[in-house]
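*Asks:* Quick one: the structure is below, and I'll ask about it shortly.
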Amino acid sequence: MESLTLQPIARVDGAINLPGSKSVSNRALLLAALACGKTVLTNLLDSDDVRHMLNALSALGINYTLSADRTRCDITGNGGALRAPGALELFLGNAGTAMRPLAAALCLGQNEIVLTGEPRMKERPIGHLVDSLRQGGANIDYLEQENYPPLRLRGGFTGGDIEVDGSVSSQFLTALLMTAPLAPEDTIIRVKGELVSKPYIDITLNLMKTFGVEIANHHYQQFVVKGGQQYHSPGRYLVEGDASSASYFLAAGAIKGGTVKVTGIGRKSMQGDIRFADVLEKMGATITWGDDFIACTRGELHAIDMDMNHIPDAAMTIATTALFAKGTTTLRNIYNWRVKETDRLFAMATELRKVGAEVEEGHDYIRITPPAKLQHADIGTYNDHRMAMCFSLVALSDTPVTILDPKCTAKTFPDYFEQLARMSTPA
């Protein structure tokens with residue numbers, strides 16, 4: 001297996017313009033494909049997840065052109081539901097941001113479509129979304145294991161009264177919200193359970209509004225969506241930088257700054273993960289906000305005990321930042337780490353112990369006490385981009401760290417390690 005050893009880093013300083021947000025890129029691509037008119041998307045993320053979405057749209061007859069660096073996409077919308085040219089199988093890798101929204105949107109058509117992916121995708125639950133789509137008339141079969149992909153879709157979604165479980169993934173609600181305006185009937189979506197990652201729903205609603213569709217949101221417990229609508233292209237749309245990707249650089253600034261400035265997001269950003277900066281501030285770092293930047297300056301870091309439900313992806317970065325904080329850090333209400341690219345709670349606990357931390361792993365929390373001195377270890381990344389990037393921070397100590405399968409960062413940030421090296425002064 002390929003590996004990358006990062007030597008100790010004495011200081012991190014400088015600015016980075018972030019690649020586009022994965023969450024925003026794939027939502028914008030799907031809405032542009034469903035919309036009337038041509039959309040020019042700029043600062044699109046070039047990553048595995050986005051390539052899977054683009055390949056699927058192409059197979060569904062959507063025409064687009066990409067710039068040489070794949071960050072600009074000119075896409076001609078379908079002016080309504082996506083239609084398969086006959087029976088079709090779409091392979092979506094491990095891209096949850098493609099699988100969930102497409103599973104819903106493709107229930108508006110008539111043809112038979114199979115959605116599948118790599119082995120980990122077949123372990124990521126989708127039953128709650130399928131249950132909701134069936135309530136709206138969709139005809140869906142599980143081809144292997146009940147409640148998991150692969151799925152066979154045969155259209156039939158018309159809207160109506162629908163319940164969705166919000167406790168596992170906000171992507172299920174996102175998928176229903178984006179699909180419902182194109183259904184023939186009005187849709188009322190009721191959310192049961194505590195809605196996880198609520199800020200991701202704000203991203204969805206914000207983008208839908210940009211494409212000309214507004215819906216009634218009653219305290220995130222009920223959404224009323226008029227049927228028979230159309231999305232309309234906004235013309236040009238700039239994808240904001242990925243706030244989850246910003247977390248590694250901001251954390252590096254907190255631990256070993258100088259000052260690190262990330263551009264492409266700021267106080268006006270629609271991504272909930274910008275709140276990560278507030279957590280670093282609570283831990284002792286100094287944060288400066290601009291409209292399109294966030295800067296972080298080193299501080300004396302101390303442990304925190306916090307509910308992280310609102311920033312589940314960026315919260316992983318706090319788990320490795322905790323290695324540099326005084327005291328025991330507890331991250332709570334993070335059950336949905338278990339249904340991501342890997343079981344992130346188990347993975348994080350396992351790898352933190354390798355570098356010497358004392359870790360308590362609960363059903364939905366993790367408690368981390370740093371060692372007096374970090375140990376050099378080979379870090380397993382579980383084919384999870386965030387594990388690789390989180391554990392790069394270990395090199396901000398006086399100990400090297402070896403990252404196994406470093407190229408897994410291609411899911412959201414193909415040149416992550418090059419960018420980190422560019423801003424780092426070796427010890």
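Here the Cβ of each residue, glycine as well, is placed from N, Cα and C on the backbone.
Since we're looking at a predicted model, the values are computed, not measured.
Okay, these came from Swiss-Prot:
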type: ACT_SITE; residues: D313; note: active site, proton acceptor
type: BINDING; residues: K22, S23, R27, S169, S170, Q171, S197, D313, N336, K340; note: 3-phosphoshikimate binding site
type: BINDING; residues: K22, G96, R124, Q171, R344, R386, K411; note: phosphoenolpyruvate binding site
*Asks:* Residues with Cβ closer than 8 Å to the Cβ of K411 (phosphoenolpyruvate binding site), same chain and 6+ apart in sequence?
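*Replies:* In sequence order, the residues whose Cβ lies under 8 Å from that of K411 (phosphoenolpyruvate binding site) (at least 6 apart) are K22, S47, D48, D49, N94, E341, H385.
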*Asks:* Spatially speaking, which of the recorded positions R27, S170, D313, N336 is closest to R386 (phosphoenolpyruvate binding site)? Use C-alpha to C-alpha, please.
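*Replies:* Closest by Cα distance to R386 (phosphoenolpyruvate binding site) among the recorded positions R27, S170, D313, N336: D313.
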*Asks:* Roughly how many Å separate the Cα of Q171 (phosphoenolpyruvate binding site) from that of N336 (3-phosphoshikimate binding site), to the nearest whole number?
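*Replies:* Here the two Cα atoms are 12 Å apart.
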*Asks:* Just to be sure I understand: of G96, R124, R344, which binding-site residues have a C-alpha no more than 10 angstroms from the C-alpha of N336 (3-phosphoshikimate binding site)?
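*Replies:* Correct set: R344.
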*Asks:* Across all chains shown, how many C-beta atoms besides its own are within 10 angstroms of the C-beta of G96 (phosphoenolpyruvate binding site)?
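*Replies:* By my count, 22.
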*Asks:* Do you know offhand how many angstrom separate R27 (3-phosphoshikimate binding site) and R124 (phosphoenolpyruvate binding site) by C-alpha?
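*Replies:* With distance taken Cα to Cα, R124 (phosphoenolpyruvate binding site) is 20 Å from R27 (3-phosphoshikimate binding site).
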*Asks:* Roughly how many Å lie between the Cα atoms of G96 (phosphoenolpyruvate binding site) and S170 (3-phosphoshikimate binding site), rounded to a whole value?
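*Replies:* Rounded to the nearest whole number, the Cα-Cα distance is 11 Å.
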*Asks:* Once near-sequence residues are set aside, which residues in the chain of R344 (phosphoenolpyruvate binding site), 6 or more away, have Cβ atoms under 8 Å from its Cβ?
*Replies:* M316, W337, R338, D384, R386, M387
